Amino acid sequence: YLVLIQLFLGNSCRFIAKPCAINLGIQDSGPHRAQPNAILEKVFTSITKSPDGKRLEGLSKQLDWDVRKIQRWFRHRRNQDKPTTLTKFCESMWRFTFYLSIFFYGIRFLWTAPWFWDTRQCWYNYPFQPLTSRLYYYYILELAFYWSLMFSQFTDIKRKDFLIMFVHHLATIGLITFSYMNNMVRVGTLVLCLHDASDFLLEAAKLANYAKYQRVCDAFFMLFGVVFIVTRLGIYPFWILNTTLFESWELIGPYPSWWLFNGLLVTLQVLHVIWSYLIIRTASKALVRGKVSKDDRSDVESSSEEEDGTSNSTKGIFSTSRNGSNRLNGHVAGGQWTGE
């Protein structure tokens, strides 16, 4: 299933997402490339990608270049290896398609499931509960997708929220695998569907941003924030954690794996609180500025950071300019925007 998802990724990018991006006017062009320089290239590849003041002074004397020119060269060199807006649009397109499809599949499946309406049904006759084919495919597809996110995190550009997202993916994979092995799939489907409810909205916001529809982007982000907070801070603790912590204890007792299972679920809740705080902070700033603020985890650095020292707060959250395009894994972290 992991291979099938990767094939789906490749084909959707090639035959669907790329033509859509081209029709929207998104060009396959990257940031400004640094001019060839053997000395600076050697420093960049062998010593440091962000030289300090002392090293900049030494390079300035060696090359007879202005320090600001050398700073500009290193910024351009760091940026030129980053993915283009077209590449990021294609990635968001396939994630949007998967999240939306799996969410509606989960809703359609759970709508007729008795435990969707009464969570105590998750524990009746446990562990002797049948595993239907639809439930099995739902679980396996979700597991394969999160494994693909785990692997891609190591090949993508390392971001500020790398550790948080790594813990999130690890906890999710652990929960899916653990609940499947222990036949806790009923409550597991509730957790999966709940987490899929907001993810496709974030990807939709990114798609709108890459296409330079800023108002649509901001609207999707606000909707994403509302759904995220309602599901992760409202429904999740009072619906999911209530049944795993209290109803399960009442109906089947503290089984040996109870502590580990609930420990992983509580870990997710801690991450939900962190992300919700950052979403609220970003949204509150957006109401003041009139648009969502810039992502701190930007793939590409803005020229104002090193040349002019001006604030980036007036840029859109997913600015698609040549030197300011951003990318998210799926959630927020690091103080502003950070969403895989």
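Each position is counted from 1, following the chain as shown.
Glycine too: its Cβ is placed from the backbone N, Cα and C atoms.
Database features (TrEMBL):
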- 40-84: domain 'Homeobox' (DOMAIN)
- 87-288: domain 'TLC' (DOMAIN)
- 96-116: transmembrane segment (TRANSMEM)
- 136-155: transmembrane segment (TRANSMEM)
- 162-181: transmembrane segment (TRANSMEM)
- 220-239: transmembrane segment (TRANSMEM)
- 259-280: transmembrane segment (TRANSMEM)
- 296-340: region 'Disordered' (REGION)
Positions on the same chain near the transmembrane segment (96-116), where near means CB under 8 A and six or more residues out: 5, 8, 12, 16, 122, 134-135, 138, 141-142, 145, 186-187, 189-190, 192-193, 196-197, 199-200, 203-204, 207
Counting Cβ pairs under 8 Å that are 6 or more apart in sequence, does the total for the transmembrane segment (220-239) and the transmembrane segment (259-280) reach three or more? yes
